[in-house]
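Copied over from TrEMBL:
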- 12-31: transmembrane segment (TRANSMEM)
- 75-94: transmembrane segment (TRANSMEM)
- 100-120: transmembrane segment (TRANSMEM)
- 127-150: transmembrane segment (TRANSMEM)
- 251-271: transmembrane segment (TRANSMEM)
- 291-314: transmembrane segment (TRANSMEM)
- 427-445: transmembrane segment (TRANSMEM)
- 465-483: transmembrane segment (TRANSMEM)
Amino acid sequence: MGVKTALPAAELGLYSLVLSGALGYAGRGLFEASQGGAHRKAFRESVRPGWEYIGRKMDVADFEWVMWFTSFRNAIFFALSGHVLFAKLCTMVAPQLRSWVYAAYGALAVVGTMGPWYLLLLLGHCVGLYVVSLLHQPWLCLGLGLASLASFKLDPLISWQSGFVTGTFDLQEVLFHGGSGFTVLRCTSFALESCAHPDRRYSLADLLKYNFYLPFFFFGPIMTFDRFHAQVSQVEPVRREGELWRIRAQAGLSVVAIVAVDIFFHFFYILTIPNDLKFASRLPDSALAGLAYSNLVYDWVKAAVLFGVVNTVARLDHLDPPQPPKCITALYVFSETHFDRGINDWLCRYVYDHVGGEHSEVIPELAATVATFAITTLWLGPCDTVYLWSCLNCFGLNFELWVQKLAEWGPLARIEASLSEQMSRRVRAIFGAMNFWAIVMYNLVSLNSFEFTELVAKRLLLTGFPQTTLAVLFVTYCGVQLVKERERTLMLEEEQKQDKEKPE
């Protein structure tokens, strides 16, 4: 109720003013804290000299980000540029062979990076799941896939298999886990699609061409096999009108985001401050709330940049890859919360939707979420932090359904029906604001640390109650209303577009 209801322009203007002012105030507190703590002993390892012409130190606490765009920048650029060059030549000369060229180049890149024995290890997992797929038993395919995934996540098998990598370098562990984990998910997708379509008779070559597509190999995103196979098998792919312009725009946005993040880290040490709890505990409540929020926003930006670069290359190859995840700022329901759209699509297709059905009944939904987060826990690597994160988000997803069922209960449904649509939207936004901070806190556990999450929770809910608690909720409420307004506008635009496309 109230989804399509517009609020008065003056009210929305007030929400925009409040939100802008609150973000500016919190940002000022974070800037002053970063400036004041730059020379602390605890900051020495992760706050180092940055760009000389900015004249400030830079937060380098994120090892992966620093490696991607410093020591490994040229290698990544060279590998992806080579892929684009060979793919373009093949598309011009022999487009029917382009999937083979993708696979051959990807396999050579894996050998050059990780060594031939690592390639043979992955081939062994591919062949094993291919053989099982010939039996056309989905439960057996999924079971073997999870067993293969567990072998890369649990000792002693993980230690034994990591020995297949040749040489040592900074990103070796990241590339090993990324390449191995995504290989297993891709092979499992192939096996399950083979079971779902026994008449199509997919071959081992189809699996290898799917798995060794270089842009997706190490970091994803993952496309389910049916989508990838259908798109890469087009003999004469045709671009939609304006596609090249959109590809250039996406590439430009990725470059702008990379530069913006680097500049941001020269002024805001959002990754280093949470590691010094003594210093973080002295932050004002507004700055601490902004710090927690900015950590999740950064993780989204990081994923968006990674997927943006990879997706640009994939779209040049005439593929339609999964889009970057939805920004955390626009999230106020657990059902839309994910940081990897590809893995989310994989889990929904093969586990969540299969077990949960329409997701309207409590018991099937509970079973679906437990199964989904159990596999997610295995994917992330079982440990206490991941267990806690999975339990919290599993609860959050189910709690939303329980609240929805409660809202549909007779007395409450009649109360809401007695409200105007605008008032109903406002009431729902209040619950959305509380849900937003539940999403932030539940995910902060895994993105940062339990101790920092505990500090934020105590300050916002206990020592800061009621002033800080109500102030943060009101600011968040303003943000949720603005997001809802954006969703309403997009919905109306989509309806108008569909009306125009209808025949007279």
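Glycine is no exception: its Cβ is also placed from the backbone N, Cα and C atoms.
Sequence-remote contacts of a segment are chain residues at least 6 beyond its ends whose Cβ falls under 8 Å from one of its Cβ atoms, and for the transmembrane segment (427-445) they are 1-2, 292-293, 295-296, 328, 331-334, 337, 385, 388-389, 392-393, 396, 400, 403, 416, 419, 452-453, 456-457, 460, 472-474, 476-477, 479-481, 484. Distant neighbours of the transmembrane segment (12-31): 267-268, 270, 273, 283-284, 286-287, 289-291, 293-294, 474-475, 478-479, 481-482, 485; these residues of the same chain sit at least 6 beyond its ends, with a Cβ under 8 Å from one of its Cβ atoms. 100-120 is the stretch from 100-120, 127-150, 465-483 with the greatest number of Cβ pairs below 8 Å to the transmembrane segment (75-94). Packing against the transmembrane segment (127-150) from elsewhere in the chain are residues 157, 181, 184-185, 187-188, 190-192, 194-196, 198, 202, 204, 207, 350, 375, 378-379: each is 6 or more residues past its ends and has a CB under 8 Å from a CB in it. Through the fold, the transmembrane segment (465-483) approaches residues 7, 12, 14-16, 18-19, 22, 285-286, 289, 329-330, 332, 425-426, 429-430, 432-434, 436-437, 459 of its own chain, all at least 6 residues removed from its boundaries and within a Cβ separation under 8 Å.
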